[in-house]
Structure formats: structure tokens, C-alpha cells
Amino acid sequence: MAATTENLPQLKSAVDGLTEMSESEKSGFISLVSRYLSGEAQHIEWSKIQTPTDEIVVPYEKMTPVSQDVAETKNLLDKLVVLKLNGGLGTTMGCTGPKSVIEVRDGLTFLDLIVIQIENLNNKYGCKVPLVLMNSFNTHDDTHKIVEKYTNSNVDIHTFNQSKYPRVVADEFVPWPSKGKTDKEGWYPPGHGDVFPALMNSGKLDTFLSQGKEYVFVANSDNLGAIVDLTILKHLIQNKNEYCMEVTPKTLADVKGGTLISYEGKVQLLEIAQVPDEHVNEFKSIEKFKIFNTNNLWVNLKAIKKLVEADALKMEIIPNPKEVDGVKVLQLETAAGAAIRFFDNAIGVNVPRSRFLPVKASSDLLLVQSDLYTLVDGFVTRNKARTNPSNPSIELGPEFKKVATFLSRFKSIPSIVELDSLKVSGDVWFGSSIVLKGKVTVAAKSGVKLEIPDRAVVENKVM
């Protein structure tokens, strides 16, 4: 039987007994659950959806670029805080600890690159842009140790934890920790929509406001393209936009990504989960919904404070049912992008694809470690020698899933500047200085080890 609001008092009294939770976590959790139980979800009427105009989703090239004036640049940077979402583990890539400590290129991790980038800005312009990491209870301890290595860098690094909520046992609708599940598995971090209340509750928001900071640039720590962009920041300050979401044109690889729509006069995020079944194919089409959310977000700090204090950020709830250790549990989450409709003067900006370079799997690692990209001052930039604007599509078999095994199967990363697609399956090993061009498929038969020799040039071939 489905849970109803009648389950709330029992849940509430159980939560009151959970000493691991702060008072703000308890009230945040209860508020989330009661919203979920009351079924207050906004119902999207498909016919009311409109494609946003250029006023609402501004083309990046229409924004005024920032002058070369050092004083103007410093003035802008003095208003900025950079926040990276650092709650995720590297488990899907076979790594222990926070995902941000996976080595991306030249022995440098995601976090190394982020610190180098901000340090370069601070050194060049004589400013103090702080870096803030939002950790989860899964990444907090490790991150704390890791950031010690940056003590002497010219970047102030702040960390805070997002909320820790109890998983709910589905059939009884009670918090799992109240039933004796006391280890980490009894808890969950409630998605990055939590960034706004968590930043406020940590005290960091007030600290930054007192330092004269005005905007926070929020991005996933695994998006190598999410670098500070002064053109966007200047536009937001001039136009008093409280919130800006970076979107970029969809390719066939991004059909599931959330998109921006105009709805009843407001800009809002439409996620695939909100789409009625009969419209899912239309949602995935590149013709009607041409852009998707990169999760690079720029948000005004005073506006965050005002909305969190008013408890006005009621983002769509994403129910995430799981089975853990044989028990069916429910965790309720929210997404930061969905907050766009609560901010005044919110806009999207349609940015170049280069601002979206996430590393979600070893196939992405192959791209960024190859000659398709170069590394300058902590920035990963695309090789001009590649004329095709889109990256090659890369499919690697399960043998390459974990970072360690992926690295062991390449003596060196092949040249892929002229590659269109690569598909690898089975027990395949790559020699050094290999060049891949066109469409390449390498399939090892079951039980057979296939080695591609050093300096081989493979073009439009099935091996």
C-alpha cells in the first residue's frame, strides 16, 4: 500500500530520535517528505509549453565580451565564489574515494585542475576568488585530507557538507536508521538541489555576503569545461539576473538531459521524469527541444538567502527507489537546476559545447587524455587540428570500465584527432603510438587476446 500523509506523525517522531541529524536537517527532511506525500507535484500541461525566446535563453555570442581592462576584470572576480559539487564517489569508474581525485591528465586530478585554474586567476588579477566544495558524508573525510595539499596555493578553499537524510524503509515508511541500520547505507545525500539550504545552514553564505561577494558559480566537479566565464558574470550583474543556467545544443547523446521551457510566463527546467509517456519521444527529439542543461549554474547570493529563509525553494521531488542489502528503500531528491523558476529575472545562456566536458566513464577519459585536447594552465582545450565540431563516439567494453584496467590496456593513448567512432569489445590491448582514423571497430573473439601493435595506423577498419 502506498504511503499517505497519515504516515507522517510516526515518521516525524522517529526522525526526532535520530541524534546524527541537525535540527535544520530534520526540518528539511520532514518538509521534503510531507511535500512528497501530499502529492503537490506540479502537473505540466503539454499544450502550455513554449520554446523560450532569445531574451530568456540568451545566445552566448550576443553577450558583450569583457574588455581587456585588468581593473574591470578584478572588479568582476571580486564578486564571485566558485562552488563545485563534490558529493559523488568514483565507484562507477572503479575508484575508491571522491570522484574528483581521479587523475584526468598529466597526473593531475579534477581537483588539481580546478585549484590551478582559480589560482591562475587570483595571481593574474590580484583577486581572491574562493573555491567552495560541497561534500556529502561519503566524501567529507577524504576531501578534508586531500585539500591539505593545497595549503600553500593562492586559493582559499572552503568545504561544507550537504544534508544527510535517512533512507526510508518503503513498506513501513519509517527511517531505516531507526530500525537499527546505523552504518552509511542507512543514509543518503538528497541531490544537488540541497546546495542552497546547505550553503546557508553552513554559515558560508553569510561569510561570503559579508566579504562583498554577489554570485556563486556552481558546477559538477567532473565537468572539465566549467571554467569561470567573465562574459556571463558581467551580463548577470548588468541585467540583475538572479539565476542563470548554461545550456548547450543537444546531440543524440544528450536526449535524456533536462531542457529549458517557457511555462506560464516563467522559465523552468523540464526533466524527462516530468514528461507524460505519450510525449517522451517528442521530448527526446532534437528538433523541438534543442538545448539541454549542463548543470553549470550562476546564482545571486542574496537571492539564495532570501528564498531559503522564506522556505520558497520547492523544487520538483525526484523519488529514487532502491534496493539495498535486500531492503526496499526510498530516497527523495531534488536538483539545483529545477530552482530556476523561483528566482527573479532568471535566464538561460546557450553556450558553446566546450563548456560541457564531463567525465562520466572511461570512454570520456580516453577523449580528454588523447591528442584531441591539450592542457594549458589547468584548462583543457580542444585541439584546433580537429575540424569536426563534435567529438568521436567511443564505446569501450566492460574490460575497460574501471580506470585502472582501462589504463593498463593502453601502452599510450592513441591519436584520435581524425577518429569518427571507436567500438571495442573483448580482451583488447593497445600498443604505443597508435593512430585511429575514421570508423574503427575492434572485437576480440571470446577467449582470444587481441593486441594492436605499436605505431599501427588503423583507418576505417573492422578488426
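Numbers run from 1 along the shown chain.
Backbone N, Cα and C atoms are what each Cβ position is placed from, and that goes for glycine too.
A TrEMBL annotation is a machine prediction, not a hand-curated record.
A quick note: this is a predicted structure, and the numbers were derived from the prediction, not measured.
As written in TrEMBL, here are the features:
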BINDING   Lys99, Gln162, Gly191, Asp222, Lys360  UTP binding site
BINDING   His192  substrate binding site
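In sequence order, Thr92, Asp222 are the residues of the chain that are 6 or more apart from Lys360 (UTP binding site) and have a CB within less than 8 Å of its CB.
Note on Gln162 (UTP binding site): other Cβ atoms within 10 Å of its Cβ, all shown chains, come to 27. Cα of Lys99 (UTP binding site) to Cα of the residue listed as 'substrate binding site': a distance of 15 Å. Annotation for Gly191 (UTP binding site): spatial neighbours Ile318, Glu333, Thr334, Ala335, criterion Cβ-Cβ under 8 Å with sequence separation of six or more. Taking Cβ-Cβ distances under 8 Å and a sequence separation of 6 or more, the neighbours of His192 (substrate binding site) in its chain are Leu85, Gly87, Met134, Gln162, Val218, Asn295, Ala335, Ala336.
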